[in-house]
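Annotated features in TrEMBL:
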type	residues	note
TRANSMEM	B:53-71	transmembrane segment
TRANSMEM	B:92-108	transmembrane segment
TRANSMEM	B:138-164	transmembrane segment
TRANSMEM	B:184-209	transmembrane segment
TRANSMEM	B:285-305	transmembrane segment
TRANSMEM	B:311-330	transmembrane segment
TRANSMEM	B:378-399	transmembrane segment
Amino acid sequence: MEKWSLMTITVLLALTVRWTVSLGSYSGAGKPPMYGDYEAQRHWQEVTYNLPIRQWYFNTSDNNLLYWGLDYPPLTAYHSFVCAYIAKLINPDWIALHTSRGYESQPHKLFMRTTVFVADLLVYIPAVIVYCFSLKETSTKKKVSSALCILLYPGLILIDHGHFQYNSVSLGLALWGVLYLSYDWDLLGSAAFCLALNYKQMELYHSLPFFCYLLGKCFKKGLKGKGLVLLTKIAGTVVVSFAVCWLPFCTDMEQIMQVLRRLFPIDRGLFEDKVANIWCSLSVLIKIKNIVSPQTQLKLSFAVTFLSLLPTCIKLTVQPSLRGFKFALVSCALSFFLFSFQVHEKSILLVSIPVCLIINEIPFMATWFLLVSTFSMLPLLLKDGLLLAYAVTTLAFLSVCAASFSIFEKTSAEDLQLKPFSLSLKGYVSWFKSFPKIVRCLFLLSVTLMGVLSLMSAAVHPPQRLPDLFPLSVSVISCLHFLLFLVYFNVVILWDSKNSRSQRKIS
Amino acid sequence: TPPHKHLGITSEWTLDYPPFFAWFECALSHVAKYFDPKMLVIENLNYTSRATILFQRFSVIFTDILFVYAVRECCRCVNGKRAAKDVLEKPTFILAVLLLWNFGLLIVDHIHFQYNGFLFGLMLLSVARLCQKRYLEGALLFAVLLHFKHIYIYVAPAYGIYLLRSYCFTANNADGSLKWRSFSVLHVTLLGLIVCLVSALSLGPFIVLGQLPQVISRLFPFKRGLCHAYWAPNFWALYNAMDKALTIFGLKCNFLDPTKIPKASMTGGLVQEFQHTVLPCVTPLATLICTFISILPSVFCLWFKPQGPRGFLQCLVLCALSSFMFGWHVHEKAILLAILPLSLLSVQRAKDAGIYLLLTTIGHFSLFPLLFTPPELPIKILLMLLFTVYSFSSLNSLFR
């Protein structure tokens, strides 16, 4: 069948799954007084439409920052404004100042779900399609399979169309940035990534790989000639993009400072709730929050984060390659997720999307990671009443990946891109003979464990003395998985060299 | 309790399917009490709870296993002329997708809510058995199916004539015409025995209790009117529309007396009897005669020039379509009776594929009014597009 019909079918399938999940419950449904993320988005539409720009980020009598104050950069605010404009045309009650708090109705839910759907359709899905078509050295069938697997990734669907957020916009823009960079259109790529950054500040997780890759490219071109020109052009593009987004706020230094204070709530503490993070997992054994002061916590987390991603970044700057760039996106974002400050469980999406980009290179490990990342968000999904959607989409994703990439046959060291690493460990060659089987067993064990824990979280009541047993177990197990993945990705990057790639081409 | 089911007139949703379906629902109710006992109380009309919905949906999904098995059997009967390397281009794969992802079946069964999946499974299984020359099994399955849902009587002529011609007369002359001498009394007796046994099993308890007339009147409610609440897109819909148009024209030109015409008699969305104002009234007998005349050509072909299973399938589709066009009180879902068997033919010949694409696209579109709430709008559009794009591109690539 022709590739366009196959891709159309893939997109239609993805859209159907998204809309079906939309029919389910959302965050904070029917839970006054604070409700959830859904109400937050509705409130931002109310604030941005009714109040002047100067008041959006400030605590005024009309804008109570304690009730879901804006804490994303300006582009989110502009997007909310556009949505509010449309909402006003349909039913002004939805965004009436003060009186529309906690507004819940079927037509309004339909409207909100449509805004997410349209944003997804306009930004994220085209990026995925163009990305898959631009993959080199892959057959049409593999390209379409990659697109299908990426678009069916349960995590993004459940968070965006279930819990209710607009992650697909920022992730889509970042994906466009990666796409442009792969075509060597560096300025467009930088601009796209700046837009992504100005939509959600969490994209900072991806900023280091972008920076190091572009810097490395400039170095390669020679800092005395073309390299310097490129560097200044990129710097100029970044400044202009930021200026355009922040224009209304540039009138006053206090405005900029207030926005920054809302974006980076430093006084909030090392972690909140249960996250598959090192700090949260360690707190089971040692109560870090009690031992160390907040300032030291901040410095500690920054130090550990940067130490863990330093090797990858140095390698990327010295040897900028597109493959290294994509892997670096994964490992840097994962380092940030594991060791950084005030991490939310939804931030795992910032790691998952780069992993989706390399799904056709390491299908087995990518599928495994994506399954764990969805599982790590289980407590959040259970709170939102999305158990059925979670179960169905995860099973569908696993089946589609298993069928498209035949992952269970491709578990050798070479398939996992570990050949160069195994060659270095000459002493352990005999152990590597049964490597595929060991890996397969570990995978099955992991999936069974996740399945059992999911079932227990949903069906069984936790014992009285340990009410948080299941969310904590989910977080700790996910964290352990993520640590192993971090080591794996770092190994692949650091042992990857130009020789190994040319060897693959010859064979 | 079983025998009294047909007498209950407690609500507008009383049982109007044959006895086997009633037993099926009875079996379901025994499982249902583990999910939510309150849904089994007779007075609880329009009772919904999360557990009820979950149970109902899962029961449809579970019974669809039979449909999946039937599709597998049908795929085994299909032999593609070209051996395709790519699994996506194999006729068996395309047939499986066209049947399992059939938009009409998905919409009607899993959203609108019915149990057509497993009933069509029975029908496709009987067709597969007939294609595999296991005639008795096919006949048995069809007899059972008739007693599950009597709408399948639309295609009974095709079955009857085919079994008579190809099974009871065991051989043909050299030129393909009928060899009267080869009539096998054994085969006829076996067939008769099967039909009688199944009927006895299903209707037996009601005959003993003397409730047979009541059962018949529930199964064939001729008081319900020529057209269903939402008109099925058949000939009588055109007839009604013509009648309405003539009425309006007549009123405008003062040929008719306004006081004698009832208001919104047929388009009111209610199930009731009514009269046509300008054109002659249509009686159930008239519809029967029309249907009979329209199936005559295909039945004759099946009798005089049998072409094996393919001829049978063609006759089956035509019987279903004719009954749909001229039947009394036809539901729009009945179009699936024609679409699903035609899928089997569509992967074997290019001409059939062309007809199939036309019928299936229009037929599926005609099912749109079944889902009318705003949240379901994107779903039906997306699923329809999905199926249409797939059917067009896959059949196109098959017969390029």
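Glycine residues also receive a Cβ, built from the backbone N, Cα and C atoms like all the rest.
Residues 80, 88-89, 91, 94, 97-98, 101-103, 106-107, 111, 346-347, 350, 353, 356-357, 360-361, 364-365, 368, 371 of the same chain lie 6+ residues outside the transmembrane segment (B:378-399) yet bring a C-beta within less than 8 angstroms of a C-beta in it. Using a Cβ-Cβ cut-off under 8 Å and counting only residues 6 or more beyond its ends in the same chain, the transmembrane segment (B:285-305) has close neighbours at 157-158, 161-162, 165, 176-178, 226, 235-236, 311-312, 314-315, 318-319, 322-323, 325-328. Counting only same-chain residues 6+ beyond the ends of the transmembrane segment (B:311-330), those with a CB under 8 A from a CB of the stretch are 127, 130, 154-159, 161-162, 166, 221-222, 224-228, 232, 234-236, 284, 287-288, 290-291, 294-295, 297-299, 301-302, 305, 337-338, 341-342, 344-345. Counting same-chain residues at least six beyond the ends of the transmembrane segment (B:138-164), those with a Cβ under 8 angstroms from any Cβ of the stretch are 17-21, 24, 119, 122-123, 125-130, 191, 194-195, 198-199, 201-203, 219-220, 295, 298-299, 302-303, 306, 311-312, 315-316, 318-320, 323-324, 327, 331, 334, 337.
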